[in-house]
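Listed in Swiss-Prot:
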BINDING   Ser24, Leu25, Gly26, Lys27, Gly28, Leu29, Asp81  ATP binding site
DOMAIN    306-554  domain 'Glutamine amidotransferase type-1'
BINDING   Gly369, Leu397, Gly398, Leu399, Gln400, Glu419, Arg480  L-glutamine binding site
ACT_SITE  Cys396  active site, nucleophile
ACT_SITE  His527  active site
ACT_SITE  Glu529  active site
REGION    564-585  region 'Disordered'
COMPBIAS  576-585  compositional bias 'Basic and acidic residues'
Amino acid sequence: MPALRKHPHTATKHLFVTGGVVSSLGKGLTASSLGQLLTARGLQVTMQKLDPYLNVDPGTMNPFQHGEVFVTEDGAETDLDVGHYERFLDRNLSGSANVTTGQVYSTVIAKERRGEYLGDTVQVIPHITDEIKRRVLEMAEPDEDGNRPDVVITEVGGTVGDIESLPFLEAARQVRHEVGRENCFFLHCSLVPFMAPSGELKTKPTQHSVAALRSIGIQPDALILRCDRDVPESLKNKIALMCDVDIDGVISTPDAPSIYDIPKVLHREELDAYVVRRLNLAFRDVDWTQWNDLLHRVHEPRETVRIALVGKYIDLSDAYLSVAEALRAGGFAHHAKVEIRWIPSDDCETDVGAATALSDVDGVLIPGGFGIRGIEGKVGAIRYARKRGLPLLGLCLGLQCIVIEAARSVGLTEASSAEFDPDTPDPVISTMADQRDAVAGEADLGGTMRLGAYPAVLQKNSLVAKAYDATEVSERHRHRYEVNNAYRERIAESGLQFSGTSPDGQLVEFVEYPADVHPFLVGTQAHPELKSRPTRPHPLFVAFVGAAVEYNNGERLPVDIPAIPTADHQSNGAEHALEDAPARG
């Protein structure tokens, strides 16, 4: 009889998180919260998301379908769950943290074209699954500082039973076989619905979901039971029996007051203790010092400020997930609750619309985006905030709209961006030189923007330098357009200052009005929201929310709302809107 393979106890452990019954159960937040708990126990944790869609990355996907694109330090366009991972682990992840079917197939087909398979018939098993395994196991390699992770948490996207997810689940099963069962843990998230007519919680969907998982060779080690209420012990015992899972591994996770409470929910159910015990991990007790302070700020704010987020994708809040989280974190720094008002940018196109939408807020945020739809509304919101002394922060496209509004205020009435109006006589926002082929349709759109971390130099004593408490910073970017340097002097006549540039001075990275002109009107070409953490809020958001708090506590000027146009005038406006619709996209 052959000897059994031995696996070192010091090996990196792999923990897979799967989901069943329905999507949107919160696998990403569950995985992130468990990662936070293990980190608080002194373990080195890294995370990865396996996405079963055929897109190479989400960079060209519709925000209404996918939500935001989260950009990593190394310039990868990744799933929004990677943002959750970074915020809960409080560490930067690389592009390898997100694997898609499109990436896997592209790599395998490229290898086949190079002849690396030596004439083999290329198949899903073993070639696709081997490539998935390679990417999962690579996460266990030492980082740039030479630190090898104790635990790799891998979230498998999709729902058990989906055709698209099968290769990833098979690869996960094979990883368990290769690294050893004692070094691998499967956590399955399932729904326990409450049937109001009968007043009962139903376990059958979970039983069927686990049966589907077991049919492909995976026995879960623990179950996350998602419900709108606590699952009683009697039902937990029933599920443990029917799904062949230890009772200690059946975890009730009722809806939490906030996402920051989820680690406490999991810890109360002793999931983290069960995981470290099953994986034979060295650990210490959870250090709650930092997280308890966060929860105190979340649940016991001293005041509330209202921030208007003026965007074009507000029907799906996930399209601005990192922005919303950065705003809330900025509030935590001031012991303030940030109440986000989701304002469709089209509502602010007119002075009447902007005054109506923004009259009762303490600050305005203009997020990034693409395309012409809603641009005039963003410009209108900026004009209103500038004239009212209302704190405003513009991100990426938000900076570009600030520049357009400033240019129009000094007589360049047709100033616009080459993105929205290629024929504008005053393109104050122009296409970056290395992006012209992509914009012209002569190069790929996906993965070709100015992506990832880039440095910037800030003017001494500027608002942004004071916010950062530094004159050299690095932020993540995702854009193809830039401020046209030919218009800098003319735009400066408005009072707008170019307070931060690339180190060579050629690319505008930050703009602002001086403090004696406006209390806080700042724009950045970057996406600082991507580096904000709940326990370490981004300084730019801290400064912005701080300005909103001061505005809220100050004496407001009366709002002069322009008269509402007559019915005839409104009708004509509607006709013009219909005429513009095809061009606006």
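Along the chain as shown, residues are numbered 1 onward.
The backbone N, Cα and C atoms fix where each Cβ goes, and this holds for glycine too.
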Message = Tell me the Cα distance separating His527 (active site) from Leu399 (L-glutamine binding site), rounded to the nearest angstrom.
response = 11
Request  = Could you round the CA separation between Gly26 (ATP binding site) and Leu397 (L-glutamine binding site) to a whole angstrom and send it over?
outcome  = 30
For Gly28 (ATP binding site), nearby residues of its own chain (Cβ under 8 Å, 6 or more apart in sequence) = Lys49, Leu80, Asp81, His84, Tyr85, Glu155
Inquiry  = Given the recorded positions Gly398, Glu419, His527, find the one whose Cα is closest in space to the Cα of Lys27 (ATP binding site).
reply    = His527
Inquiry  = Tell me the Cα distance separating Glu529 (active site) from Leu25 (ATP binding site), rounded to the nearest angstrom.
reply    = 25
Request  = Would you report the average pLDDT that the model assigns to the domain 'Glutamine amidotransferase type-1' (306-554)?
outcome  = 93
Remark   = Comparing the Cα of Cys396 (active site, nucleophile) with the Cα atoms of the recorded positions Gly369, Glu419, Arg480, Glu529, the shortest distance belongs to Gly369
Task = Select the closest residue to Glu419 (L-glutamine binding site) from the following recorded positions, measuring between CA atoms: Ser24, Leu29, His527, Glu529.
result = His527
Remark   = Between the C-alpha atoms of Gly369 (L-glutamine binding site) and Ser24 (ATP binding site), the distance in angstrom, to the nearest integer, is 24
